[in-house]
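For reference, Swiss-Prot has these:
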BINDING   L79, C80, H81, M117, E118  substrate binding site
ACT_SITE  D132  active site
Amino acid sequence: MSGSIDQLSHLDAAGRARMVDVGNKAVTAREAIARGRVVMQPATLQLIVSGGMPKGDVLAVARVAGIMAAKRTAELIPLCHLLNLSHASVNFTPDPAGNALEIEATVRCTGQTGVEMEALTAVSIAALTIYDMCKAVDKTMQIDGIRLIAKRGGRSGDWQREESA
């Protein structure tokens, strides 16, 4: 990890937390994609996929929870800016070989700051919702690998994580 305290934009010269002033930044299209996964017992994954979980449709509830979380990120993360999102989606891919449910969130806006935190928050809350809805049948679940996959737009430009297959 490289960098110095001078590069931490959420700290002032005295090291105190502050909200970054983005007022002079250009308004540009922004997009971020984040992923994570919930590892579980094979029977739990099957119950989720088949819609047989006692608490209801896990994927539908987790999708809505993730989208709501993206919209409310500024209320959850203290120094995040309130953004006018133009798009937020949360999708799931079962991974039977890994006994996991993969989560991917995509968030977009046109604004003066990026939407990385909104995408990461969407994945995190979707994962926690899955955990909450399934904990009665599987206490071994594990939330894993929440990470930013890509970001587009803004002064720092585009970025893509290189992931091995």
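Each position is counted from 1, following the chain as shown.
Each Cβ is built from the backbone N, Cα and C atoms, and glycine gets one as well.
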Fewest other C-beta atoms within 10 angstroms of its own C-beta: which of the binding-site residues L79, C80, M117 fits that?
L79
For the recorded substrate site formed by L79, C80, H81, M117, E118, which further same-chain residues have Cβ atoms within 8 Å of the site's Cβ center?
T73, A74, I77, L83, T113
If you count other Cβ atoms within 10 Å of each one's Cβ, which of the recorded positions H81, E118, D132 has the most?
E118
